[in-house]
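Student: My questions will all concern the structure given below.
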């Protein structure tokens, strides 16, 4: 299997399966001298881990990270960083009924055709459990970006199924199980998700991700444009079916006089571009939206076929998220961080000596 490595200078290679002994990643290209501990990484893993509320999978995993290499006396050495997360709560017997049949909406059918074999236990490598390794790597990237530029990356859920969530303040995000920037709608969301779960069905979600204090100049036109790489990173997350940068699809109904962000000596007058022009960061906040499909694993019987092509009916057993988007915020933050650190290092490698005479107006209001 190819395609398990992300990045060009700051590279991350993930490994492991949902019901294997463990999973993890190798980070190569991390600058030396970054103070790093397991606690720095654990914070984001705890935000992502399963079993934290009745609205997510009840699989109980500590997701305790171990740093195996690349850190000495509390600082990165510049050598590869190996991170390991052991699986402790597998329940593989729940998946016996899909050993020879394909779950609708899952990667079972495509993995079988591509590789001629598959680990059917919890989806194996195709499981969203793999994203724990990305969150671990992203925590390292976030720490470096914050110390280097003051970059802050925040994600929150803006819609669950047909329920839109109003933004009331980022301080609310960590105070509820929905990663919602809103406390007044929590009871409504609790009731809604209880109904979804009781109906043996699932729903999708929409998330907003922002990166503040991003330096101007990141991105490598033409094929490695910053927005192109962000879209690539977000689409690599399980269940993501759509990505918007800035105004996104609303750009269709905007006029050019509205969409084009005007510049003044005091700063930009708007940010419909989402902080990226010509594939290069403007220094404004980078704004991304992602759409996540409903969880494919549901207890409602559905039609499918077995490996011989015979018709079957499957009801998925096991412990699953009725809305996988509820745990996606730390994953989306991690992927945006991995894009930004890689491009920051690429920019430094080629353009460290470039100095423009024009003021950086993105900083004029900060």
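A Cβ is built for glycine as well, from the same backbone N, Cα and C atoms used for every other residue.
Feature list, courtesy of Swiss-Prot:
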type	residues	note
BINDING	48, 54	NADP(+) binding site
BINDING	125, 126, 127, 238, 239, 278, 293, 294, 295, 296, 297, 319	FMN binding site
Student: Calculate the distance in Å between the alpha carbons (Cα) of residue 127 (FMN binding site) and residue 48 (NADP(+) binding site), and round it to a whole number.
Tutor: 14
Student: Calculate the distance in Å between the alpha carbons (Cα) of residue 48 (NADP(+) binding site) and residue 293 (FMN binding site), and round it to a whole number.
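Tutor: Cα-Cα, rounded: 18 Å.
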Student: Please classify the secondary structure at residue 239 (FMN binding site) using three-state DSSP.
Tutor: coil
Student: So which one is it: of the binding-site residues 127, 295, 297, which has the fewest other Cβ atoms within 10 Å?
Tutor: 127
